[in-house]
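Worksheet: the structure to be examined is printed underneath.
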Amino acid sequence: MKDYLVRAIAYNGQVRAFAARTTDTVGEAQRRHHTWPVVSAALGRTMTASVIMGAMLKGDDKISVKVQGNGPIGAIVVDTDAKGNVRGFVSNGQVHFDLNEQGKLDVRAGVGEEGTLTVVKDLGMKEMFSSQVPIVSGEIAEDFTYYYATSEQVPSSVGLGVLVNPDNTILAAGGFIIQLMPGCEESTIAALEQRLTTIEPVSKMIEKGLTPEEILEAVLGKESDVQILSTMPVQFQCDCSKERYSRALVGLGAKELEEMIEEEGQIETQCHFCLETYDFTQEELQSLVDEIKSFVH
């Protein structure tokens, strides 16, 4: 099964719901960044929540999410769009903790219990929309739930999970976001709350082979009448390029580039998100300097 997400409504439109399988996507991030299990779980949960959040966007809209806790992982940074493309990186990928009291990966210890969750939306307007909330648990799902309740005033339930193999590769990853629409009836809320206390972890559902559609049915129940509106592939994808890095170098100015040429001759740049490297020879750097000077004159 390939990674994808579904958008749905349930309870006659009183609830909107999203679910995603992200096993390969999180696996690609783990492969590129060589993250250890606790970090893979933290990054994977953040990527899953972010790509579902992206599914709520339209067209060329984009979202950047940053989880900055006081734990040893440091910052978790994820970019996503409305088309199921997502990329992410962490400050420190090699962090280890023993399993917590529940026998699970101790994501809270890695992320930290204090810090911020920042969401920046690029909706194609003049200014970005930025919102920041405090970290309330460090487990990621609860932090996104709190974000929706406080920043977007949308009562939501967020479930995220990542299972890691003994060799550090990703066994299963995915998640769901359930949101109450305005005018949602008390009986619907009560039924949802009851179900959410009894469901098994979403990572276990994916390990068992449940599809995103089946996850929503498991979470919401058959009586909720889940109606799938659309599906969309999900993948790790980075939009970095040598051209983009050359523009960034031009932004440094001629003087700084000339100093680079003098001190190093050539330089290597690396993308934080995918770790691709782009080499610039002395001739290429000089060409950028010439471009800047011709523009100035």
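Note that Cβ sites are derived from N, Cα and C of the backbone, with glycine treated the same way.
Quick look at what TrEMBL lists:
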DISULFID  Cys238-Cys240  disulfide bond
DISULFID  Cys271-Cys274  disulfide bond
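Features recorded in TrEMBL, as mapped to the structure shown.
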{"residue": "Cys238", "record": "disulfide bond", "CB count, 10 Å": "19"}
{"residue": "Cys240", "record": "disulfide bond", "CB count, 10 Å": "17"}
{"residue": "Cys271", "record": "disulfide bond", "CB count, 10 Å": "18"}
{"residue": "Cys274", "record": "disulfide bond", "CB count, 10 Å": "19"}
- Would you kindly give the Cα-Cα distance separating Cys238 (disulfide bond) and Cys271 (disulfide bond), rounded to the nearest Å? 9
- Assigned element (helix, strand, coil) containing Cys240 (disulfide bond), judged by DSSP: coil
- Quick one: pull the CA-CA distance for Cys238 (disulfide bond) versus Cys274 (disulfide bond), whole Å only. 6
- Item | Cα-Cα distance linking Cys274 (disulfide bond) and Cys240 (disulfide bond), given in Å to the nearest integer | 8
